[in-house]
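Reviewing the structure listed below.
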Amino acid sequence: MPAREYNYVEGFGGYGSLDDDDSDRDSERRNHDLGQRTITTSPTGVSRHAALNRYMIPGRINPLFRPTDAAQPPIVSTSTSASATEPTNRIGPGRIKETPETNFNAFLIAQLTRMEEQNANLKEEISLMKKEQELFFLENQKKLEKGFKDINKYVEDVSAMKEVFKEVVGIMTGERIRFIDHTGENVTPQEAARVGNPSTSTQAHQSQSRSTNWQEYSMHASILAGDPRIKPEPGLSDFENGEYDGNESDENATTRNLPLNNPDSVSNADDSNNQLDGTGNENDIRNRRGCVGTSYKLNRAIQNVTDAAREYFEGLPGQPSVLSLERRYGSTWRRSAKERTLFTKRMTIIKRIIDIKDDPSKYGLSLPENKISRNQAIKVVENIRLGNNTFKGHHCRLSMSQLYEYFSKKMDKLEDYSLTLKRRGKPRRIFLLEEREARLSLQQPHSIPNSSTGTPEHDQDT
(Lines of atoms letter the chains of each structure in order from A and count residues from 1; the text may use other names and numbers.)
(Lines give C-alpha, C1' and ligand atoms only; values in the text may rest on other atoms or scores of the structure.)
Protein backbone atom coordinates (compact mmCIF):
# COMPACT_ATOMS: atom_id res chain seq x y z
CA MET A 1 0.00 0.00 0.00
CA PRO A 2 1.45 3.38 -0.89
CA ALA A 3 1.81 5.84 1.95
CA ARG A 4 -0.18 9.06 1.98
CA GLU A 5 1.90 12.18 1.54
CA TYR A 6 1.73 15.02 4.14
CA ASN A 7 2.66 18.63 3.72
CA TYR A 8 3.83 21.05 6.48
CA VAL A 9 1.24 23.78 7.06
CA GLU A 10 2.87 26.90 8.50
CA GLY A 11 -0.32 28.57 9.61
CA PHE A 12 -1.26 25.69 11.97
CA GLY A 13 2.24 24.62 13.11
CA GLY A 14 1.97 20.99 11.92
CA TYR A 15 1.67 18.56 9.06
CA GLY A 16 -1.47 18.30 7.01
CA SER A 17 -2.60 15.89 4.31
CA LEU A 18 -2.53 16.83 0.67
CA ASP A 19 -6.20 15.99 0.59
CA ASP A 20 -6.88 19.10 2.65
CA ASP A 21 -5.24 21.51 0.17
CA ASP A 22 -7.65 23.89 -1.45
CA SER A 23 -8.88 23.23 -4.91
CA ASP A 24 -7.50 26.45 -6.39
CA ARG A 25 -3.95 25.43 -5.60
CA ASP A 26 -4.44 21.97 -7.17
CA SER A 27 -6.03 23.33 -10.29
CA GLU A 28 -3.27 25.87 -10.68
CA ARG A 29 -0.63 23.16 -10.49
CA ARG A 30 -2.49 20.96 -13.00
CA ASN A 31 -2.73 23.81 -15.46
CA HIS A 32 0.95 24.60 -15.06
CA ASP A 33 2.28 21.09 -15.77
CA LEU A 34 -0.06 19.13 -18.07
CA GLY A 35 2.51 16.82 -19.64
CA GLN A 36 4.08 15.32 -16.56
CA ARG A 37 3.71 11.67 -15.68
CA THR A 38 3.39 9.81 -12.54
CA ILE A 39 6.72 8.81 -11.02
CA THR A 40 7.43 5.82 -8.91
CA THR A 41 8.90 6.29 -5.46
CA SER A 42 12.58 5.61 -5.38
CA PRO A 43 14.60 4.29 -2.44
CA THR A 44 16.14 7.72 -2.11
CA GLY A 45 12.74 9.31 -1.60
CA VAL A 46 11.85 6.70 1.03
CA SER A 47 15.04 7.41 2.99
CA ARG A 48 14.23 11.11 2.91
CA HIS A 49 10.78 10.41 4.30
CA ALA A 50 12.34 8.34 7.10
CA ALA A 51 14.75 11.16 7.96
CA LEU A 52 11.83 13.59 8.04
CA ASN A 53 9.88 11.34 10.40
CA ARG A 54 12.71 11.53 12.95
CA TYR A 55 12.09 15.27 13.33
CA MET A 56 8.35 14.92 13.70
CA ILE A 57 6.69 16.25 16.86
CA PRO A 58 6.06 13.46 19.43
CA GLY A 59 2.47 12.35 19.70
CA ARG A 60 1.61 12.70 16.01
CA ILE A 61 0.98 9.78 13.70
CA ASN A 62 3.84 8.86 11.42
CA PRO A 63 2.61 9.62 7.89
CA LEU A 64 4.77 6.92 6.35
CA PHE A 65 2.94 4.19 8.24
CA ARG A 66 -0.54 5.67 8.16
CA PRO A 67 -3.08 3.39 6.48
CA THR A 68 -3.93 4.60 3.01
CA ASP A 69 -7.38 5.51 1.75
CA ALA A 70 -9.04 2.90 -0.50
CA ALA A 71 -10.27 5.59 -2.87
CA GLN A 72 -6.74 6.86 -3.51
CA PRO A 73 -5.43 5.67 -6.87
CA PRO A 74 -2.19 3.66 -6.84
CA ILE A 75 1.06 5.11 -8.02
CA VAL A 76 1.99 3.91 -11.45
CA SER A 77 5.68 3.19 -11.96
CA THR A 78 7.32 4.58 -15.07
CA SER A 79 10.75 4.40 -16.59
CA THR A 80 13.88 5.64 -14.85
CA SER A 81 14.64 8.16 -17.58
CA ALA A 82 11.31 9.85 -17.07
CA SER A 83 11.86 10.21 -13.28
CA ALA A 84 15.24 11.78 -13.94
CA THR A 85 13.91 14.32 -16.45
CA GLU A 86 10.80 15.38 -14.55
CA PRO A 87 11.54 17.77 -11.60
CA THR A 88 8.03 17.53 -10.09
CA ASN A 89 6.27 14.36 -8.80
CA ARG A 90 2.54 13.71 -8.90
CA ILE A 91 0.43 11.36 -6.83
CA GLY A 92 -2.66 10.42 -8.58
CA PRO A 93 -4.28 12.48 -11.27
CA GLY A 94 -3.87 16.23 -10.79
CA ARG A 95 -2.00 16.04 -7.37
CA ILE A 96 1.54 17.53 -6.72
CA LYS A 97 4.00 15.90 -4.27
CA GLU A 98 5.93 18.25 -1.92
CA THR A 99 9.65 17.50 -1.50
CA PRO A 100 10.93 16.54 2.03
CA GLU A 101 13.54 19.33 1.91
CA THR A 102 10.80 21.94 2.16
CA ASN A 103 9.31 20.36 5.28
CA PHE A 104 12.73 20.01 6.93
CA ASN A 105 13.58 23.65 6.21
CA ALA A 106 10.31 24.73 7.75
CA PHE A 107 11.07 22.67 10.85
CA LEU A 108 14.51 24.26 11.16
CA ILE A 109 13.03 27.72 10.78
CA ALA A 110 10.58 27.03 13.59
CA GLN A 111 13.37 25.79 15.86
CA LEU A 112 15.53 28.79 15.07
CA THR A 113 12.61 31.08 15.84
CA ARG A 114 12.14 29.42 19.20
CA MET A 115 15.86 29.72 19.97
CA GLU A 116 15.77 33.41 19.11
CA GLU A 117 12.87 33.89 21.53
CA GLN A 118 14.79 32.07 24.26
CA ASN A 119 17.88 34.17 23.60
CA ALA A 120 15.81 37.32 23.85
CA ASN A 121 14.38 36.19 27.19
CA LEU A 122 17.87 35.36 28.45
CA LYS A 123 19.12 38.78 27.40
CA GLU A 124 16.29 40.44 29.31
CA GLU A 125 17.02 38.38 32.43
CA ILE A 126 20.75 39.12 32.20
CA SER A 127 20.13 42.84 31.84
CA LEU A 128 17.76 42.75 34.83
CA MET A 129 20.33 40.85 36.90
CA LYS A 130 22.99 43.35 35.88
CA LYS A 131 20.87 46.24 37.11
CA GLU A 132 20.22 44.45 40.41
CA GLN A 133 23.93 43.80 40.90
CA GLU A 134 24.73 47.43 40.18
CA LEU A 135 22.20 48.56 42.78
CA PHE A 136 23.59 46.04 45.30
CA PHE A 137 27.16 47.20 44.65
CA LEU A 138 26.25 50.86 45.03
CA GLU A 139 24.41 50.19 48.29
CA ASN A 140 27.30 48.21 49.79
CA GLN A 141 29.80 50.77 48.54
CA LYS A 142 27.96 53.49 50.42
CA LYS A 143 27.97 51.37 53.58
CA LEU A 144 31.71 50.70 53.28
CA GLU A 145 32.50 54.36 52.73
CA LYS A 146 30.46 55.27 55.80
CA GLY A 147 32.20 52.56 57.84
CA PHE A 148 35.65 53.77 56.80
CA LYS A 149 34.74 57.31 57.77
CA ASP A 150 33.58 56.10 61.18
CA ILE A 151 36.80 54.10 61.65
CA ASN A 152 38.93 57.12 60.82
CA LYS A 153 36.94 59.14 63.30
CA TYR A 154 37.42 56.51 66.00
CA VAL A 155 41.16 56.37 65.31
CA GLU A 156 41.43 60.12 65.68
CA ASP A 157 39.48 60.02 68.95
CA VAL A 158 41.68 57.25 70.35
CA SER A 159 44.82 59.13 69.32
CA ALA A 160 43.56 62.23 71.10
CA MET A 161 42.80 60.17 74.22
CA LYS A 162 46.30 58.68 74.13
CA GLU A 163 47.81 62.14 74.00
CA VAL A 164 45.71 63.19 76.97
CA PHE A 165 46.80 60.10 78.92
CA LYS A 166 50.44 60.82 78.08
CA GLU A 167 50.07 64.32 79.46
CA VAL A 168 48.38 63.06 82.62
CA VAL A 169 50.99 60.35 83.19
CA GLY A 170 53.79 62.82 82.56
CA ILE A 171 52.34 65.23 85.10
CA MET A 172 51.86 62.46 87.67
CA THR A 173 55.37 61.05 87.28
CA GLY A 174 57.04 64.44 87.13
CA GLU A 175 58.45 63.97 83.64
CA ARG A 176 56.41 66.90 82.42
CA ILE A 177 56.15 69.96 84.64
CA ARG A 178 52.66 71.29 84.73
CA PHE A 179 52.50 75.00 84.07
CA ILE A 180 49.71 76.84 85.78
CA ASP A 181 49.40 80.58 85.92
CA HIS A 182 48.02 81.48 89.33
CA THR A 183 47.69 85.17 88.60
CA GLY A 184 44.39 86.46 89.90
CA GLU A 185 43.45 83.16 91.51
CA ASN A 186 42.41 82.79 95.12
CA VAL A 187 45.20 80.41 96.17
CA THR A 188 47.84 80.57 98.81
CA PRO A 189 51.55 80.61 97.92
CA GLN A 190 51.97 77.24 99.59
CA GLU A 191 49.30 75.67 97.41
CA ALA A 192 50.75 77.28 94.30
CA ALA A 193 54.21 75.96 95.16
CA ARG A 194 52.83 72.50 95.84
CA VAL A 195 50.90 72.40 92.56
CA GLY A 196 53.73 73.91 90.55
CA ASN A 197 56.26 71.43 91.89
CA PRO A 198 54.97 67.91 91.21
CA SER A 199 58.27 66.38 92.36
CA THR A 200 57.25 67.03 95.97
CA SER A 201 54.22 64.76 95.70
CA THR A 202 56.29 62.18 93.83
CA GLN A 203 58.93 62.16 96.54
CA ALA A 204 56.27 61.81 99.21
CA HIS A 205 54.76 58.88 97.36
CA GLN A 206 58.16 57.24 96.97
CA SER A 207 59.00 57.68 100.65
CA GLN A 208 55.65 56.23 101.64
CA SER A 209 56.20 53.27 99.31
CA ARG A 210 59.68 52.69 100.75
CA SER A 211 58.34 52.76 104.29
CA THR A 212 55.61 50.29 103.37
CA ASN A 213 58.09 47.96 101.71
CA TRP A 214 60.40 48.19 104.71
CA GLN A 215 57.57 47.33 107.06
CA GLU A 216 56.64 44.36 104.91
CA TYR A 217 60.26 43.23 104.75
CA SER A 218 60.61 43.58 108.52
CA MET A 219 57.51 41.47 109.05
CA HIS A 220 58.84 38.76 106.73
CA ALA A 221 62.23 38.88 108.43
CA SER A 222 60.56 38.43 111.81
CA ILE A 223 58.78 35.35 110.44
CA LEU A 224 62.11 33.95 109.31
CA ALA A 225 63.67 34.81 112.67
CA GLY A 226 61.22 32.47 114.37
CA ASP A 227 62.92 29.48 112.70
CA PRO A 228 66.33 28.70 114.28
CA ARG A 229 67.34 26.72 111.20
CA ILE A 230 67.59 29.91 109.16
CA LYS A 231 71.02 31.49 109.00
CA PRO A 232 71.23 35.19 108.10
CA GLU A 233 72.96 36.05 104.85
CA PRO A 234 76.27 37.95 105.26
CA GLY A 235 76.10 41.56 104.22
CA LEU A 236 78.27 43.49 101.79
CA SER A 237 80.18 45.15 104.63
CA ASP A 238 81.34 41.73 105.84
CA PHE A 239 83.03 41.10 102.49
CA GLU A 240 84.51 44.61 102.28
CA ASN A 241 85.93 44.53 105.83
CA GLY A 242 87.19 40.96 105.47
CA GLU A 243 85.14 39.77 108.44
CA TYR A 244 83.53 36.99 106.44
CA ASP A 245 85.75 33.91 106.25
CA GLY A 246 85.53 32.00 103.01
CA ASN A 247 86.56 28.80 104.72
CA GLU A 248 83.26 28.64 106.54
CA SER A 249 81.65 26.87 103.61
CA ASP A 250 80.70 23.83 105.63
CA GLU A 251 79.82 25.64 108.85
CA ASN A 252 76.45 24.74 110.24
CA ALA A 253 76.19 22.13 107.48
CA THR A 254 74.61 19.62 109.80
CA THR A 255 71.85 22.04 110.61
CA ARG A 256 71.25 23.00 106.99
CA ASN A 257 71.41 19.49 105.60
CA LEU A 258 68.85 18.07 107.99
CA PRO A 259 65.63 16.92 106.35
CA LEU A 260 63.18 19.72 105.83
CA ASN A 261 60.43 17.78 107.48
CA ASN A 262 62.47 16.71 110.56
CA PRO A 263 61.04 18.35 113.71
CA ASP A 264 64.01 17.12 115.81
CA SER A 265 66.38 19.50 114.05
CA VAL A 266 65.38 22.30 116.42
CA SER A 267 65.89 20.34 119.64
CA ASN A 268 68.68 22.69 120.84
CA ALA A 269 66.48 25.77 120.78
CA ASP A 270 66.05 27.71 124.01
CA ASP A 271 62.84 28.45 125.88
CA SER A 272 62.12 31.55 123.88
CA ASN A 273 62.31 29.57 120.69
CA ASN A 274 59.99 26.99 122.17
CA GLN A 275 57.53 29.72 122.96
CA LEU A 276 57.84 31.00 119.44
CA ASP A 277 57.25 27.49 118.14
CA GLY A 278 54.11 27.25 120.25
CA THR A 279 52.93 30.57 118.96
CA GLY A 280 53.74 29.44 115.45
CA ASN A 281 51.71 26.29 115.87
CA GLU A 282 48.76 28.29 117.12
CA ASN A 283 49.09 30.68 114.22
CA ASP A 284 49.37 27.74 111.87
CA ILE A 285 46.12 26.26 113.17
CA ARG A 286 44.38 29.61 112.98
CA ASN A 287 45.67 30.27 109.48
CA ARG A 288 44.61 26.89 108.24
CA ARG A 289 41.12 27.45 109.59
CA GLY A 290 40.89 30.93 108.15
CA CYS A 291 41.25 32.25 104.64
CA VAL A 292 44.97 33.02 104.81
CA GLY A 293 45.59 31.32 101.48
CA THR A 294 43.87 33.97 99.40
CA SER A 295 45.82 36.79 101.12
CA TYR A 296 49.20 35.06 101.39
CA LYS A 297 52.30 36.89 100.17
CA LEU A 298 55.65 35.36 99.38
CA ASN A 299 58.35 36.15 101.90
CA ARG A 300 60.54 39.00 100.64
CA ALA A 301 63.26 38.38 103.23
CA ILE A 302 64.31 35.03 101.77
CA GLN A 303 67.89 35.23 100.47
CA ASN A 304 68.91 31.62 99.80
CA VAL A 305 67.63 28.52 98.06
CA THR A 306 67.13 26.54 101.26
CA ASP A 307 64.63 29.01 102.70
CA ALA A 308 62.84 29.31 99.35
CA ALA A 309 62.50 25.53 99.16
CA ARG A 310 61.27 25.37 102.76
CA GLU A 311 58.64 28.02 102.02
CA TYR A 312 57.45 26.11 98.96
CA PHE A 313 57.47 22.52 100.22
CA GLU A 314 56.81 22.93 103.96
CA GLY A 315 55.87 26.49 104.76
CA LEU A 316 57.49 28.98 107.09
CA PRO A 317 56.58 29.07 110.81
CA GLY A 318 52.94 30.01 111.17
CA GLN A 319 52.40 30.05 107.38
CA PRO A 320 51.01 27.53 104.89
CA SER A 321 53.25 26.07 102.23
CA VAL A 322 53.11 27.46 98.72
CA LEU A 323 52.62 23.93 97.39
CA SER A 324 49.44 23.52 99.45
CA LEU A 325 48.21 26.91 98.25
CA GLU A 326 48.77 25.89 94.65
CA ARG A 327 46.90 22.64 95.15
CA ARG A 328 43.99 24.25 96.95
CA TYR A 329 43.56 27.68 95.37
CA GLY A 330 45.43 27.41 92.08
CA SER A 331 46.56 30.81 90.85
CA THR A 332 43.85 32.78 92.66
CA TRP A 333 45.94 33.38 95.77
CA ARG A 334 48.50 35.50 93.89
CA ARG A 335 46.37 38.34 92.65
CA SER A 336 48.77 41.27 92.41
CA ALA A 337 51.30 41.66 89.63
CA LYS A 338 54.19 41.76 92.12
CA GLU A 339 53.20 38.41 93.57
CA ARG A 340 52.93 36.84 90.13
CA THR A 341 56.36 38.15 89.14
CA LEU A 342 58.04 36.97 92.32
CA PHE A 343 56.27 33.61 92.12
CA THR A 344 57.56 33.10 88.56
CA LYS A 345 61.14 33.77 89.66
CA ARG A 346 60.87 31.46 92.65
CA MET A 347 59.27 28.70 90.59
CA THR A 348 62.15 28.78 88.11
CA ILE A 349 64.48 27.82 90.95
CA ILE A 350 62.04 25.30 92.47
CA LYS A 351 61.53 23.58 89.11
CA ARG A 352 65.28 23.24 88.71
CA ILE A 353 65.41 21.51 92.12
CA ILE A 354 62.60 19.13 91.12
CA ASP A 355 64.27 18.43 87.77
CA ILE A 356 67.59 17.59 89.45
CA LYS A 357 65.81 15.25 91.88
CA ASP A 358 63.95 13.46 89.07
CA ASP A 359 66.92 13.02 86.71
CA PRO A 360 70.34 13.81 88.25
CA SER A 361 72.23 12.21 85.35
CA LYS A 362 70.90 14.94 83.07
CA TYR A 363 73.10 17.42 84.97
CA GLY A 364 76.20 15.23 85.14
CA LEU A 365 75.67 13.99 88.70
CA SER A 366 76.96 10.43 89.05
CA LEU A 367 75.10 8.89 91.98
CA PRO A 368 74.38 5.28 92.94
CA GLU A 369 71.21 4.02 91.27
CA ASN A 370 70.80 7.50 89.78
CA LYS A 371 68.82 8.67 92.82
CA ILE A 372 69.12 11.86 94.82
CA SER A 373 67.15 13.26 97.73
CA ARG A 374 65.41 16.58 97.73
CA ASN A 375 67.85 18.03 100.27
CA GLN A 376 70.78 17.05 98.07
CA ALA A 377 69.12 18.66 95.05
CA ILE A 378 68.58 21.82 97.11
CA LYS A 379 72.25 21.74 98.12
CA VAL A 380 73.33 21.49 94.47
CA VAL A 381 71.35 24.60 93.54
CA GLU A 382 72.53 26.43 96.67
CA ASN A 383 76.15 25.67 95.75
CA ILE A 384 75.51 27.22 92.35
CA ARG A 385 74.27 30.34 94.11
CA LEU A 386 77.25 30.45 96.49
CA GLY A 387 79.99 30.19 93.87
CA ASN A 388 79.69 27.25 91.49
CA ASN A 389 78.85 29.60 88.64
CA THR A 390 80.38 31.85 86.03
CA PHE A 391 77.92 34.71 86.22
CA LYS A 392 79.18 37.28 83.70
CA GLY A 393 82.70 35.87 83.86
CA HIS A 394 83.12 35.69 87.64
CA HIS A 395 82.42 33.26 90.44
CA CYS A 396 79.78 35.36 92.16
CA ARG A 397 77.71 34.95 95.26
CA LEU A 398 74.34 35.38 93.58
CA SER A 399 71.17 36.80 94.98
CA MET A 400 67.87 35.06 94.33
CA SER A 401 67.10 37.42 91.44
CA GLN A 402 70.54 36.83 89.92
CA LEU A 403 70.12 33.08 90.32
CA TYR A 404 66.79 33.30 88.47
CA GLU A 405 68.53 35.26 85.71
CA TYR A 406 71.33 32.68 85.62
CA PHE A 407 68.83 29.86 85.04
CA SER A 408 66.34 31.69 82.83
CA LYS A 409 69.03 32.89 80.39
CA LYS A 410 70.58 29.39 80.31
CA MET A 411 73.96 30.60 81.51
CA ASP A 412 74.51 27.47 83.60
CA LYS A 413 76.91 24.65 82.64
CA LEU A 414 77.20 20.99 83.57
CA GLU A 415 80.30 21.62 85.69
CA ASP A 416 78.28 24.01 87.86
CA TYR A 417 76.19 21.17 89.28
CA SER A 418 77.97 19.53 92.20
CA LEU A 419 77.28 18.47 95.76
CA THR A 420 80.50 20.16 96.89
CA LEU A 421 81.19 23.87 96.86
CA LYS A 422 84.19 24.20 94.56
CA ARG A 423 84.81 27.90 95.06
CA ARG A 424 83.09 30.43 97.26
CA GLY A 425 82.17 33.50 95.31
CA LYS A 426 81.84 37.18 96.15
CA PRO A 427 78.87 39.44 95.52
CA ARG A 428 78.62 40.92 92.07
CA ARG A 429 79.02 44.40 93.49
CA ILE A 430 82.55 43.64 94.74
CA PHE A 431 83.68 42.75 91.23
CA LEU A 432 82.04 45.88 89.83
CA LEU A 433 83.84 48.06 92.38
CA GLU A 434 87.17 46.41 91.57
CA GLU A 435 86.64 46.96 87.84
CA ARG A 436 85.70 50.58 88.46
CA GLU A 437 88.82 51.19 90.54
CA ALA A 438 90.95 49.60 87.85
CA ARG A 439 89.48 51.90 85.20
CA LEU A 440 90.00 54.96 87.37
CA SER A 441 93.61 54.00 88.03
CA LEU A 442 94.24 53.71 84.31
CA GLN A 443 92.62 57.07 83.62
CA GLN A 444 94.74 58.95 86.19
CA PRO A 445 97.56 61.08 84.66
CA HIS A 446 101.01 59.53 84.97
CA SER A 447 102.65 62.85 85.91
CA ILE A 448 101.14 62.87 89.40
CA PRO A 449 103.61 61.04 91.68
CA ASN A 450 102.53 58.71 94.40
CA SER A 451 103.08 59.90 97.96
CA SER A 452 104.44 56.57 99.21
CA THR A 453 106.43 55.10 96.33
CA GLY A 454 107.62 56.61 93.12
CA THR A 455 106.58 55.29 89.75
CA PRO A 456 109.11 54.24 87.09
CA GLU A 457 108.12 57.23 84.97
CA HIS A 458 108.82 59.55 87.89
CA ASP A 459 112.24 57.98 88.45
CA GLN A 460 113.15 58.53 84.82
CA ASP A 461 112.11 62.19 84.98
CA THR A 462 114.22 62.81 88.03
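Every residue gets a Cβ built from N, Cα and C, even glycine.
Checked against Swiss-Prot, the residues Ser23, Ser27 yield a single entry marked phosphoserine: Ser23. Swiss-Prot records phosphoserine for one of Ser83, Ser209, Ser249, namely Ser249. Record note: of Thr44, Thr254, Thr390, Swiss-Prot gives the feature phosphothreonine to Thr254, with no matching annotation on the rest.
Candidates Ser199, Ser211, Ser237, Ser272 were compared with Swiss-Prot; the annotation phosphoserine appears at Ser237.
According to Swiss-Prot, of the candidate residues Ser17, Ser81, Ser366, the site noted as phosphoserine is Ser17.
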